[in-house]
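**Q** Annotations for this protein, taken from TrEMBL, read as follows:
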type	residues	note
ACT_SITE	Asp629	active site, proton acceptor
BINDING	Lys330, Gly403, Arg431, Gln478, Arg660, Arg701	phosphoenolpyruvate binding site
BINDING	Lys330, Ser331, Arg335, Ser476, Gln478, Asp629, Lys656	3-phosphoshikimate binding site
DOMAIN	9-300	domain 'Prephenate/arogenate dehydrogenase'
Amino acid sequence: MQREPAPIGKLVVVGLGLIGSSLALAARQRGLAGEVIGVSRRSSTLDLALQQGVIDRVASSLTALAAELQRGDVVVIGVPTLTVPAVLDECAAQLDSAVTITDVASVKGSVVAAACASYGAAPPQLVPGHPIAGSEKSGVNAADGGLFVGHRVILTPHADSGADHLARVQALWQGCGAMVTEMSVADHDEILAATSHLPHFLAFSLVDTLAGLRANREIFRYAAGGFRDFTRIAASDPVMWRDIALANRSAVLQVLDQLTADFARLRGAIDAGDGSYLLDLFTRAQSARQHFGQLLEQGLDSDTMSAKPLTFRLSPGGSAVGTIRVPGDKSISHRSIMLGALAEGMTEVTGFLEGEDSIATLRAFRAMGVQIEGPQQGRVVVHGVGLHGLKAPSAPLDVGNAGTGMRLLAGVLAGQPFDSVLVGDASLSGRPMGRVADPLAEMGAVIATEAGGRPPLRITGGQMLKPLNYTMPMASAQVKSCLLLAGLYCEGETSVVEPAPTRDHTERMLRGFGYPVVSEQLGGGVTRVSLRGGGTLRGGRIDVPADISSAAFFMVAAAITPDSDITLQHIGINPTRIGVLNILRAMGADITLSNEAEVGGEPVADIRVRYAPLRGIAIDEAQVPLAIDEFPVLFVAAACAEGETVLTGAHELRVKESDRIQAMADGLQILGVAATPTADGIRIVGGAIGGGRVASCHDHRIAMAFAIASLRASSEIVIDDCNNVATSFPTFAELALQVGIKLSVE
Ligand code: S3P
């Protein structure tokens, strides 16, 4: 069999340290070059490299090889950073200008400067590079052909780097399994100073300090986890790190000065016994580290900071059996942070939803100076700052995918003395905010939106808000809550009339925090909610029930799957949220409640659902606001029911995280279900469900609804872009597997 011609003729690696020898080995193992030649001043290194199969052949110097190198050959400079100029001098004097030159030094500014010095100007054949890989080990003995797999290699081509040279260096690294990115020399040096160089200097410095203490033997004997984790990199090559410190002097000094100043403040706080400063700093750092950890776990692309798209693949024939507890209620979790922050004293939250939406709210309040501990296994402690204690955020507040976050925060921010900006992700940026911005403007708030009332919201603080009596044109708990929160900052009574009952968590939690709120029934399902501004909220304990909106997926799973039996524990059954129970029961579902109790002003129960044949119904419009988030999965129930199900009066579904009427109709049709969208609802005729590839439309609830459909599908269902499931239900896939749904995440 004939071998593919190697893309590179001769690969010459000058300097066989860890990186150089690992690259040589990878190139040999993967057949990336016709021949791999090692150059080192030390003959012992060359002997070892040959012996260990790292290289094909040795050379004592580049000069000795220069005559045989031509276009298609690549010289990799793998020597310590401060030795690079000498090798570049040799290149300039000896190498043909067609030979590609690259390097692996951790600092790029000094390499380009050295090339300019050797050549007069950086030559087209030079493509500086830096593999972000390594270990504290050094030398040929540590050579690892897999070292670069999945790691990043940053190339910093200069203005005159030749395209063919760049392509060859890219191909070399990609061939080693690395991910190649490009950036400017200055960006590279600044970023690496902060993320790599400084941590190494800190580790060296800490170990040195401890080693210098008199009792160092004893100290090292007792130095366990923390010390070991933090100082692993202090075992790195001293010459290399001396070179990096000197070569990247200005970028390193800048970040070192910043850290020194922060360190002095930390020292001051410890000296002064300022526990609050310490808790604030540690909590902020803990949250940033957890966020970073999650990014790493999700395999984020560090260039774009956007997650790799997740795909759900579902095989038919799964079951729905077991007892599970779904995560905490999203609506209540958002409000626990907001009201906890605006309260006097401490609020301890348990059962908090550790989903992206509620975490975004938590971060927003941290950014306004509120100390918040956690979340840790659903426990969060909010150190309230009172209604007037928020501080101006230094950057726009990013609430991610969360409509609740943005609309409720708009109400809070309208009443602050400082300016603020609210931004969200692509889905949220397309959603209507005029429904809160307009009535807030009537109260005297100054809020600029993008065209069509879309985010970002730019809020000018320092306004005197006036109370408002507002009749909402739509039944929206977010609008109601927004105006009530703004009402806290008005003198006098603010009232909101809702055309139909919507979730009342804000009212319940305000009352739980000792703030009077009046709800009056005006007849015909119309409610008027009012409060007077200027009061005080008192922090307390909040036990967040499990989210009925998340439970709904498993309720439907059991309702449509023969032989199923699922119990969902500790679910919030607030009467303004139980539309899904009412609708499923009207369709014939077998649902029983037990362990009914009240926790912190919210009713909870265990919900058991067993299979029973469903029938199509005309859904009572009064149930729409009470089941507003559960329709995607209710449509799946309808697809499994006998006869036709008709939904009307649900226009609001068109402005959720996606247009949920269209998204579900499109997906159901792909699966072979007769689903016809209408202006304010849908008609679905129950029948067989096939298989196919459906879009989640970046909407968590659409993704999860189609996953449930697999229980009655005849073949595989693939759902694209399921990342947003983490906004409300980060453990969905885990729990789905637990009850027997055949889900794999790709
Ligand atoms: C929510 C209210 C509802 C709901 C959303 C959460 C809340 O939105 O769809 O998921 O927490 O107040 P609307 O107020 O737009 O109906």
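Don't overthink the numbers, they just go from 1 along the chain as shown.
Each Cβ is built from the backbone N, Cα and C atoms, and glycine gets one as well.
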**Q** Validating a neighbour-count step here. Other CB atoms within 10 A of the CB of Gly403 (phosphoenolpyruvate binding site): how many?
**A** 22
**Q** List, in residue order, those binding-site residues out of Ser331, Arg431, Ser476, Gln478 with a Cβ under 6 Å from any atom belonging to ligand 1.
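**A** Those binding-site residues that pass the cut-off, since their Cβ is under 6 Å from ligand 1, are Ser331, Ser476, Gln478.
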**Q** Hey, how far is Gly403 (phosphoenolpyruvate binding site) from Lys656 (3-phosphoshikimate binding site), Cα to Cα, in Å?
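**A** One finds 8 Å between the Cα atoms of these residues.
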**Q** About how far apart, in whole Å, are the alpha carbons (Cα) of Gln478 (phosphoenolpyruvate binding site) and Lys656 (3-phosphoshikimate binding site)?
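**A** Roughly 12 Å, rounded to the nearest whole number.
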**Q** Return only the integer: C-alpha distance in Å from Arg431 (phosphoenolpyruvate binding site) to Asp629 (active site, proton acceptor).
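**A** Arg431 (phosphoenolpyruvate binding site) to Asp629 (active site, proton acceptor), Cα-Cα distance: 16 Å.
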**Q** Write down the Cα-Cα distance for the residue listed as 'active site, proton acceptor' and Arg335 (3-phosphoshikimate binding site), rounded and given in Å.
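**A** About 17 Å separate the Cα atoms of these two residues.
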**Q** Rank the binding-site residues Arg335, Arg701 by the number of other Cβ atoms within 10 Å of each Cβ, and give the residue at the low end.
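**A** Comparing Cβ neighbours within 10 Å for the binding-site residues Arg335, Arg701, Arg335 has the fewest.
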**Q** Around Lys656 (3-phosphoshikimate binding site), how many other C-beta atoms are within 10 angstroms of its C-beta?
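**A** Looking across every protein chain shown, the total is 20.
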**Q** Quick one: mean pLDDT on the domain 'Prephenate/arogenate dehydrogenase' (9-300)?
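**A** Average per-residue pLDDT within the domain 'Prephenate/arogenate dehydrogenase' (9-300): 91.
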**Q** By CA distance, which of the recorded positions (Ser331, Ser476, Asp629, Lys656) lies nearest to Arg701 (phosphoenolpyruvate binding site)?
**A** Asp629
